[in-house]
Structures are given as C-alpha cells and as structure tokens.
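Here's the structure, in structure tokens; my notes come after.
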Amino acid sequence: MEWQADEQGLQQVLQLLRDSQSPDTATQRSVQQGSFGALQKICEDSSELLDSDALNRPLNIMIPKFLQFFKHCSPKIRSHAVACVNQFIIGRAQALMDNIDTFIESLFALAADEDSEVRKNVCRALVMLLEVRIDRLIPHMHSIVEYMLQRTRDPDENVSLEACEFWLTLAEQPICKEAISGHLAQLVPVLVNGMKYSEIDIILLKGDVEEDEAVPDNEQDIKPRFHKSRTVTLRHEGGEGGEGEDSSDDDDDDDESLSDWNLRKCSAAALDVLANVFRDELLPPLLPVLKGLLFHPDWIVKESGILVLGAIAEGCMQDMVPYLPELIPHLIQSLSDKKALVRSISCWTLSRYAFWVVSQPADSYLKPLMTELLRRILDSNKRVQEAACSAFATLEEEACTELVPYLSFILDTLVFAFSKYQHKNLLILYDAIGTLADSVGHHLNQPEYIQKLMPPLIQKWNELKDEDKDLFPLLECLSSVATALQSGFLPYCEPVYQRCVTLVQKNLAQAMMYNQQPDQYEAPDKDFMIVALDLLSGLAEGLGSHVDQLVARSNIMTLLFQCMQDTMPEVRQSSFALLGDLTKACFVHVKPCIAEFMPVLGLNLNPEFISVCNNATWAIGEIAIQMGTEMQPFMALVLSNLVDIINRPNTPKTLLENTAITIGRLGYVCPQEVAPILPQFIQPLCTSLRNIRDNEEKDSAFRGICVMIGANPGGVVQDFIFFCDAVASWVNPKDDLRDMFYKVGLVYMFNLIVGTGALTMPKAFATAGWVVSVSLVTFLAFMSFMTTTFVIEAMAAANAQLRWKRREQEEIHDNDSSSDYSDDDVIIRGRSDSIETRPILSVQRATSADHFDIVERVEMGQMASMFFNKVGVNMFYICLIVYLYGDLAIYAAAVPVSLMEVSCGNHSCSAGSVKYNDTESCWGPLRRKDAYRVFLALFTLLLGPFTFFNAQKTKYLQIITSVMRWIAFTMMIILALIRIGKGHGEGRPPVAQISGVPNLFGVCVYSFMCQHSLPSLVTPISNKQRMSTLVVIDYILILCFYALLSLTAIFCFDSSLLRDMYTLNFTDNCDVLGIPFLRYFLGLFPVFTISTNFPIIAVTLRNNWKALFHRDGGTYPWVVDRIVFPLITLIPPVIVAFCTHDLESLVGITGAYAGTGIQYIIPAFLVYLSRRHLEPVFGQDVVNKHRPGVQAQFIRRFIDTFQMFSVN
C-alpha cells in the first residue's frame, strides 16, 4: 500500500497497526513489521510535518502508540518502535516531551534486550537525550554510565559504536567529570580496547600489503580538493595569524579508505576529548595499560598503543612531559617498523608531539625525527608516504626557521618524491612544500635551493591543463614559494603571472555567458579564479616592485574590479587580498582606480562575512598609507563602518587587529577626520594593537594614534591607561616613534597635575609677593619631583617583593611535587611562552633579570600595607581621607561661588572689577550669601546622590571639560598678556610678603599633587629608562605654566581685587574681555569642570572609608554600606562649604596639611621603609635601578623638618 503525504494515508498505516495486534500470527507480525518499516521511513523523512498543524499533529497519537509497541514480543517491532521515536528527540517534539518520563522508563526496560538492533537504538536514544534532556537523565546517571560501559563492550560492533558515542557527547556536558570520575578505571581500558584494528579493518586497508608505491591510484579514492581563499592575518602574541577557522586535518589517524565512522575512530575521539576534560587524572588508569600496549609483540596491539598515545597528546601534554624522553625515541624507532600500518600511525602520533620535540635541543630529538620522517616520505607504502608528508608539514609549522640548516637535505627528499609519488600523494606533497616555504620564508631564496625546487614545480605546472583541479594545490604551493623566494622567483614569474590572469579572465567570461544564457552554458568553477587570485597575491607580495611591469602589460586592474563585485564571498575575499598586495607593490597602477574601488570596499565592511570584511579592511589600510591626505574624500565611505566593527562584541581577533591597524592608519593620514571621534574607539583600538608583534603595520597605526591624540588630547584622557598598555607591548619601536610616545606621556602627565588648584594660585602669588612666590613654587616643584621619584622607587621595591614572594611559592610548590616533573618539564614550560610570542608585560614578569622592573601596578594603599605597620597603614588612609575631604569641600564651595558671582555680579561692566560683600543684595531681598547657600543646596541635591552609587563613568564629560579647561587657561593668559602689553595693567604686587607664604605653600602643594596617581601612569611604560627625563620635563613645563599664569594675573589686575577663583576676574570686567559669551564661559568654566570630578572624588573617598575599617575582605550590612558610608562622605564637606567659601584658605589648608602628608611624608617613608624591608632579602649589593641620586633618608628628614616649619 502506498502511503500518501496526508492525514488519510497516515491513518491507513496506523489502522493496519491497530488491526494487526491480535491474534499473534506470523501473518499479522509480517503486516506489523511492514507497517512499522513504512512508518520509520515516514518518521525519518517527515518528522517536522508529523508535528505540524497541517496534519492536525498526528504525532500526538503516534508517540503513545509507539511507546506501547516497546513491549511487543517481536524484536523487530520493538526495534522499529524505538527507531521511530528517536526521530523526534533532537527536534524536541512536544508530543514526545509530554511523554518523556514514560519514554525513558521504557528505554530502561529495553536496556538488556536480547536483540542487538533494539540495544543499538536504545543507546542511540540515550545519546540524543544526553544533548536534549540531560535533566531527566541526571538522577539515573550512575546506572546509565554503567550500562554504557557494558554496551561499549557489546559483541555487536554496531551496538558498541552507538554506546561509544555516549562518551563523546557526555564530554561536552558540564557534569562529565562528576559523572565519569568514579568509572575512569573501567572506562579507559574499554576505550583502549576499541582502538584496535578489527579483521575487517585490516582487510579493507590491505594491511598485509607492504609495498604498493608502483600501484596507480584509483581516481575514485581521491577526495575532491577545494581551495580556501586567502585571509590576511597579522603576527601577534600567540605566534599565529589565523582566526581559528582553518583547522587542519591532522587528527585523521586512519587511511581514507576507512572513511566510515567506526568503533576505532570513535574510541580514539572519545579518549581525546576525555583527555582534555580529565588531563592528569586520566593518566593513572591509562599509563599501565599504555605501557603494555606500546611494547607488545603483536603489531596490532602495538599500533593501537601508538594511537592511544597520539589521542591523549593534546589533553595530557603537560603531564606526559616526564615520559616523553623515553617515548619519543621509541616512536621514532617505530617509524622503521616492518608493518606499514605501524609506521603510518607512528607518523601521526609524532606529529602530535612536534611542539615538544622542537622545544628540545635539536640533536636530541628534532634531527633524528626529521631524518626518519624524510625516509618515510620515500617509503615504499603509499599510506606511509601520506602520513609522513602530513606529519612533516606539522613539524615544519612548529620548527619554522630551525629547519634552515637542513634545507638542502629536506629539498633533496621532497624533490625526489615528485618522481616517486602517485597522483593522490603528489597533491599532499604540494602542501608539504608550501608549508616549508611558509615556515622558512626568505631563507629559501638561495640559488642552490631554487635550482632544486623550481624545475619539478614548473614541470608539473606546464603539464596541467587550465581545467585540471590538480591546479588548486599546485597554485597554493606556488603562492607560498613565490612569497618566500621573493626576487628569486623572477625567472619563473612571467608565465605563471600570465596564466593566472588568463584563468581569471576565462572564469569571468564564462560567468558572464552563464548569467546571460544559463540554458546554454555551464556555471564556471570559481575555485579556479580564487586560486589564481591568491597566487597573484603571492607574486605581488614576494616580488614587490618587480611585479610592476607584469601589471602594466595586463588588464588585471579591470579584472580585479569585476572580481571585487562577484556574488561569491570567497572571490571577493581573494580580490581584496590581491588589491592590498598590489597597493603595496605597485600603487601607481592602483591609484587611478581608487575612486571606483573605495565604494566597493566600503560596502564589504560587513562583519557577517568575516574573511571578506577582514581583507577589505586590510586593503583600505594599505591604500590609506599610499594615498596620504588624498584619502580624505573617501573617509565617509569607510570610517563609521570600521568604528562599528571594532566596537562589535564577539568579533574575531584577526578582524579586530586589522580594523585597529586601519583606523590607526586613517588617523595618521587624515587626523582631522578621525580624531574628533577618538573616544568612540580608543579603548578597543589599543586593546587589539597590544597583541600584535612589532612590524610596519603596527608602527603606522601607533603613529596614527599619537597624531590623533595630538589633535584631540581630551579624547584619550579616560582611556589613557589602555594607550600606555598598548605602548608597553612594543619590544623595539623606532626612535622617532618612541619620541612620539614620550611626548604623549608628557602631555598626559601635564594634564594630570594641572587642575583646578591652579585657579587659586594667582591670589596666593599676590599675597606672598612675586619674588618669594616664584622662589617658593620653584623649590616646591623640585620637592614634588623628588617625591615623585620616591614613589617610583617604592613601586619598584613593591614589584620586587611581590616577585620574590611569588618565586618562594613556586619553589614550595616545586619541592612538594618534585617527583612529578623532570628537567624536561622545566624546559617545556620555558619554551611554551617564549619571549617572541608573549605579551611584553608577561615577558617581564616571567623572565626579567632585574628584580626591580615595574610590571605590576601597585597602588599607594597596597604599598603602605606592604611596608608600613598597622598604625602606619591607618595613618595613610586617614591622611588620604582628610585630603579627599578637603578636595570635596573645595569643589562644594567653588561651584556655588562661581554661580553666585555670575548671577549676582555687575553685568553692565560699568564699575569694572569690584569686590562685593556677602551681605549685599543679589536678587531683591536675597543676599549674596543666601544665593551662595541656595546654589550649594542645589549642587548637593544634584551631585550628592552619586555618592550612594558607583556612577563614576563621566567619560565624555571629562573629555569636554578637559578641553574647556585648556581653552580657559589659554584665554586668561593671552588676555592678561594683551592688557599688560597695552600698558593697562593695574597690578603692583609686592616683592615679598612673608605673611602670605604659609597659604602659598598649601596652594602650591595642592597644585603639584600627582603622587597618588603615579602607579596608573608609570606601570604600563615599557622602557622606563627615560622616565625620569619625562618627569623632569613635565615639572619644568608645569612650573613655567604656573608662573606664567600667576605672574600675568598679578600684573594685570590689582592685587586687592584678585578673586579666590581667578576666572571670576574676567566675568564683569569689560576692559579685559568685552564679549559677554566669553565672560560667561570663563565664569562658569569651574562649574562644569568641578561638577564632573565631584562624583569621582566622592566615590573614591567612600571606598577609602571602607578600606580603612575593613581591608581584609568581607561585606558590610546593607545600611552601613549603602547609607552610612555615603553620608559620612558627603555631609562633612558640605558643612564646611556651608560655613565658608574662602577658596584660597580651603586650598591652602588642604595642601599644607593632608597634601603635605601625601606628597612629601608618605613617599619619603615609603622609600625609606621599602629599602629597609628589602635589604635582608636581596642584600646591600642589590641596588634598585629606580633609586634617585639623593639618599632617601636625608631627604626624608629634610622634608619632615620643612613640613613642620611650614605648618607652624
């Protein structure tokens, strides 16, 4: 009866099942089996349809009916019933989910069924349920694991294969370790036993045939090869350039003639994944078994042991290291085994340990392995040839330039293989040669090597027709060879180049004809075009400017424009790679086409096609470098897309790195277009660039960043630490780039020190006298510089102590586990993170010869905890808290004062600069003092709530106010100079007035404060040798700035009329500034600046209160944490501001007392105690390289005396 795809047809089958249930006769069972056979086909082909409304969801009837047949007396019926239900597990059919518990119970009832098909389907069901409804299996997991152990040993290989899948699936589940831990001792031998070749396997593999090199390959046995388009990658910290999507096939341990999934492959895969889950825990039950296998006289058993050793390589590598000095020579010896299958699997397993082999002395393992693998490449067995070629390619990737001394021997072997190999292995040989070229690079460009390698390659090139797919691996090989040989490829380049252009042209022509008349022409195989484009890229990269004449004599630019618009992403991907390479090699031919190319590139900045987007991004960067300022008209086409990409979550590393490089390059050539949006991308830009190795692309990107920071300094303020971290990733930047880094650092430190305190300095200068003021501020600048060096020395000492403690812990750990590791373990650990491949900060932490390298950021509070006693630590926090209270009081007073002066001032300018009394009227009956308190209340209500939260992220406000601050400072200096230059200056300041010195001292201390922020600035700098020079230059510039600001102020304005906040002198004096908008801007400038800083300082103070009372961790009650601490943070400074708004006094007191403690006393004690603390550890002979020239003890005593005198 033919089933129809509708409800009526389905009902016909179901009716047959109902009608045939009794009596139980052979005829009825035959009908049932036929009906179930049909139903199983229906379920396989139409599982979604059966659970749809189109047929009124017949599955609601079918699932319960199927479950009834689980108990049928006929094993075939039971098997069909389970198989039918299995079709709906992965899809989570609702009818099955409604009956899931009944289904699982029914499966358990069939667990020990005598029929192998039933057992197979039960195992399959449990494997799928593990993925879909593991929650229902967890209560029974112990019993399920034991059952699967039993079934994995089932005499029927189909059942054991299904059961073995269970371990693969379970390994992906979070409960794997918990579920299997108690059964490892039983499971490991079962899996190992399943890894032996069966008799059928050996027959299919022709395992008894040892020599078959002369037997031609069966063309049907050769898998079709597909070319993978080129993706442009950068060399970064991991030492690899890929995105992780180009996974190789080196895990294929068996010959492709066993293409079906079998028990051996499944067992090996299961052991592999379990090794990654259990790692060292897997070895105790495995090693005794493994030892018996590896040295077993039966070659089948020995072969399985070698496979086991290869399967656990990835997961257990670190813990296998002590055994490898014995195992690797045994495996190398096995390469000469008389059985071809043993030689073959030995090649594969050795490739899995190539990383360790390369990390050892070359004569010990690399040279013997390389020699034996090259012999196996010329083996008389084709399977061994293939395995040896693949293994040698893996070894090439790991060894890289370490193979250079052996290149002649290697090339002799590979070239000889050309005459020896049959069709299939010849294709693999191309891969080995291409990998060799990629690994040794320009070292291959020697006349001797070229003469050996090129003739056989060119001969094969000439033998193949344009439509032969064997061109794919040969073109890939030639692309790598051309890149490596560089100018050495010139004698062979012209015919290769012309043929590639012809392949592209033919493919495009065929595509055009197919699009116009699809009925008459076949669609072209675009792989030919892709591989030709990639070889052209290789030629351009390798030949450089030598490719110019070839491009000039061809129409490649026209063809390239067509390829860039192809509908196939892989074609566009290779096209953009070629465009970038041609841009580097011969931009003169690319430039006329830029206007056509750029819109296409912009359209392909779509991260949904990662590789296409990656290559387009890279090409844009190369074009930008060549175009320079002429890139400006095309910025709108690409910039916004690039910024979106770099901020996009889960973007692959390679795309992020290329995007970062390109944005940096665009900023380098067109800073005016890119710098304004610097805050939008600076953080991810720096994070991406820090992992790239030193090269020209990274160099140009960092130059771009420096130029953009120069154009928009405020754009990097909040993310400057990320810029410093990225700078620290450089190993050896060029001298002029290094100078750019220092200039940026100088600007940032200048910006860090110069703040609102500078606005109170002019009045302090006026009250102390200009000669005394200049002398004192110069002296205090020197003292601040000295204590800055003290903080840096203390940071170095703290790093040394942390490093020493870490080393002691490692030694304790090593002593506790010395029996677990050999000398080789130490070697492999050192090799695994080489200087060349690790981030610069990690390199310094792990391998620096100097204890005092500053590589970890240690804040002042942490240094106090390390070097001070308990009282000292408490005093540090109290001093910092008092300073922060003073900061908040200054801020809380400065904003209302500015608002009061602007609101209540003389807006007609008729009176010039006048000092008002607080009791004078502001608005009607409201006095100025009342207006001040109203503004203070509003300020507290608006900004006070931030203290109760962690709302510190005022990034863009900080940037805006930073720019405003420098505009205001510059305006005030220029306006004062103009007025003085015109002879209208009113200031007649005294030369000296001792009574004003104490207040000037406090103001200067406050204005030079930066010591508490130094750890964030200093730590990321990679080369700290010039750090002292940077600090000296900064302090000189800041001193000059303060002197210029204050001296122009006191000579421009009458000293008696100078305001506490210098900006207020410009708000109502039209003689100085006649533009109302600018007067209001200067008057309100402190309001914007201080308002953005107040929440940050308040939250910092709140957190320091918490640290003072509870530094050892733990949590506070909610009321204390969320109410008490914020209130004790906010209320005192508001009360102080309510009582007084004398900003000069507030700044002077804060600086003279708490500021002196933070800027002078704490740094001096830190450096003094750190020296005493580390002397017993390192001895007197070890000198901190960051130690200043003046002895800290003398300076400390001098500072203490000076501070006491100043306060008194």
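A Cβ is built for glycine as well, from the same backbone N, Cα and C atoms used for every other residue.
Pulled from TrEMBL, these are the features on record:
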type	residues	note
COMPBIAS	240-257	compositional bias 'Acidic residues'
DOMAIN	369-510	domain 'Importin subunit beta-1/Transportin-1-like TPR repeats'
DOMAIN	749-795	domain 'Amino acid transporter transmembrane'
DOMAIN	934-1169	domain 'Amino acid transporter transmembrane'
REGION	233-257	region 'Disordered'
TRANSMEM	740-761	transmembrane segment
TRANSMEM	767-797	transmembrane segment
TRANSMEM	867-886	transmembrane segment
TRANSMEM	931-951	transmembrane segment
TRANSMEM	963-980	transmembrane segment
TRANSMEM	1030-1057	transmembrane segment
TRANSMEM	1077-1099	transmembrane segment
TRANSMEM	1119-1138	transmembrane segment
TRANSMEM	1150-1169	transmembrane segment
Close approaches to the transmembrane segment (931-951) from elsewhere in its chain (Cβ under 8 angstroms; 6 or more beyond its ends): 892-893, 895-897, 899-900, 903-904, 918, 922-923, 1091, 1094-1095, 1098-1099, 1102, 1122-1123, 1126, 1129-1130, 1134, 1137-1138, 1141
Confidence summary for the domain 'Importin subunit beta-1/Transportin-1-like TPR repeats' (369-510), mean pLDDT rounded: 91
DSSP-assigned states of the domain 'Amino acid transporter transmembrane' (749-795) in counts, ordered helix, strand, coil: 44 helix, 0 strand, 3 coil
Contact call for the transmembrane segment (1077-1099) and the transmembrane segment (1150-1169): at least 3 Cβ pairs under 8 Å, seq gap 6+: no
Stretch of maximal Cβ-Cβ contact with the transmembrane segment (1119-1138) [cut-off: under 8 Å; candidates 867-886, 963-980, 1030-1057, 1150-1169]: 867-886
Beyond the flanks of the transmembrane segment (867-886) by 6 or more, those residues with Cβ under 8 Å of it: 794, 797-798, 860-861, 1012, 1097, 1100-1101, 1104-1105, 1107-1108, 1111, 1132-1133, 1136, 1146, 1149-1150, 1153-1155, 1157-1158, 1161-1162, 1165-1166, 1169-1170, 1173
Structural state census, the domain 'Importin subunit beta-1/Transportin-1-like TPR repeats' (369-510) (DSSP three-state): 127 helix, 0 strand, 15 coil
